[in-house]
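Taking it in order: structure first as structure tokens, then the write-up.
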Amino acid sequence: KMAAAAAGSGAGAAAALWSEVNRCGQNGDFARALKSVNKILQINKDDVTALQCKVVCLIQNGNFKEALSVINTHTKVLTSDVIAFEKAYCEYRLNRIENALKTIQSASQQTDKLKELYGQVLYRLERYDDCLAAYRDLIRNSQDEYEEERKTNLSAVVAAQSTWEKVMPEDLGLREATYELCYNSACALIGQGKLNEAMKKLQKAEELCRQSLSEDSDVTEEDIEAELAIIHGQMAYIMQLQGRTEDALQLYNQIIKLKPTDVGLLAVIANNIITINKDQNVFDSKKKVKLTNAEGVEHKLSKKQLQAIEFNKALLAMYTNQGDQCRKLSASLQSQSPEHLLPVLIQAAQLCREKQHAKAVGLLQDFADQHPASAAEIKLTMAQLKIAQGSVTKACMILRSIEELQHKPGMVSALVTMYSHEEDIDSAIEVFTQAIQWYQQFQASQTRGANPKSPVHLSLIREAANFKLKHGRKKEAISDLEELWKQNPKDVHTLAQLISAYSLVDPEKAKVLSKHLPSSDTLSLKVDVDALENSHGATYVRKKAGKLTGDNQQKEQGQGDVKKKKKKKKGKLPKNYDPKVTPDPERWLPMRERSYYRGRKKGKKKDQVGKGTQGSTMAGSSELDASRTASSPPTSPRPGSAAAVSATSNVIPPRHQKPAGAPATKKKQQQKKKKGAKGGW
């Protein structure tokens, strides 16, 4: 355009200005070129070529708003056919993606530049199928030095489909010669759940990146680490998915310390750290959440990434007891995605934290009524809340209302366990019956009247029979056991259960069925007796038995000697023993526990005698009586006395009490001794 401007310019001053514009454009000095273009426009303000050059100079200088303003101001001169690409590019860079799409579609001629931009716009709008078709068309019909970049963009589209739309990626047949292609391939593998393969691809991408950047002498190690940050971030994400949270957290923090300029990368890493912290280390999470609020983040991430970040913000507000903020964020999320389940669950969780369980259940019920597609998950949550409140029966009613899960073995097992806990055996049996009937109807519809039993069906019948036998419902168990035996007549275990059940209900029938039991000959097993006897356990038993036998023989041989050794000594009798008098039957009991014990005789003088240090004064007899003290309530310790530390009693027995005057007396004696020592020596 610069060359065309120089060729189409007039003579004189205008020609000199166009030459200046052309020279500056070739040198990349667009700021100086813009000054010359403005001088040309002063001469002719409606010069189409000059206006185009001005728009290009502004775009090259990064002034997209001003460039778009020039285009919109001169719409009569700069028609859509002339300036379509520049206008769409400005709108794209200003994140007006929908406007950029309209501008491209309204262009009368779709040039290669517009097609390239069209692919970028479709990718930002997350229209991956259309974007894939656009890039395939570009690769097929283009042959220039940008082919590698187009293949990289194509692989990025495939990775996005695998990650966000869970579409199985097709093999594009691209040779992964660059680290960008390896990285995109790893992202596609992560979307498929092939984490180990994805990690290998990322390691290869890291190696290729180092090789590619190390060839440039101007690139420093810091520049290489900054370029590797996105690869390392994806490695940490794989570690997090694999449960290696400590390794992932360490790698995430290393990336943050590098301070990369990509705000989208920082936001994703901060969000992932918050998910690792959960309800722990909330102060660190509150710091990290600031990185998710950086300017421009909303233009760098996909809608699902932004939505996940907002969900985690609401959860963090709940964990930090910011109830109003949590409700505000979850309500905003619900208004953006009315059918999404998570905002309602967050609101219900917040209500439960505020002990408003009934309100939480009502909120979930309203959502289930409005969105039947999500009713199953909502009702499972409602049942969990009812169980937490102790309303097991109501929880069972909620679970049984989920029709699509009634027949599932896990649901049947949960309901039977809960009903058994409530001792409602009839309801538990009813759950089994309904599930068995569902499988019968389903199999009849699939097999057109035939009645083969699937493994799950037979397993349910067996569990129902065992449950009924366990709870004494043998009559009800017989029909289930007969059905099982009919399906497999060689099942001896089922036959034995059936005979056992009939033995209490119909003994004659039990005898008839017992004839079907296999004979003892058929039950004989081929056992290597020698190998069994030579085994470790059998050898130990045999040795022990032999040892016992030898001991018995020795006892029999020396029986007379043993009797001599076991000669009992006569017991000693008391000195006052009288054989004519019957011994006291209570002689083995302590004196206090005998029926004729009347207590000790207490003298008047004995009450006043203490057993402390000689010459010390004692408290009254009532204080020394342990029986009285133990029965009286404990009082606060007196000043100068030690408080009791025992957990069983606060009373110190009289024998263990120190006389009140003893410490003082002891000190006086010590002082006397010291004085005597000074005088004696």
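We number each residue from 1, going along the chain as drawn.
Glycine is treated like the rest: Cβ placed from N, Cα and C.
TrEMBL assigns the feature coiled coil to residues 97-152, out of the candidate ranges 97-152, 489-544.
If you look at the repeat 'TPR' (229-262), the same-chain residues 6 or more away from its ends with a CB under 8 A from one of its CBs are 179, 183, 186-187, 190, 195, 198-199, 202-203, 205-206, 209, 222, 268-270, 272-273, 275-276, 291, 300. Note on the repeat 'TPR' (229-262): DSSP counts are 27 helix, 0 strand, 7 coil.
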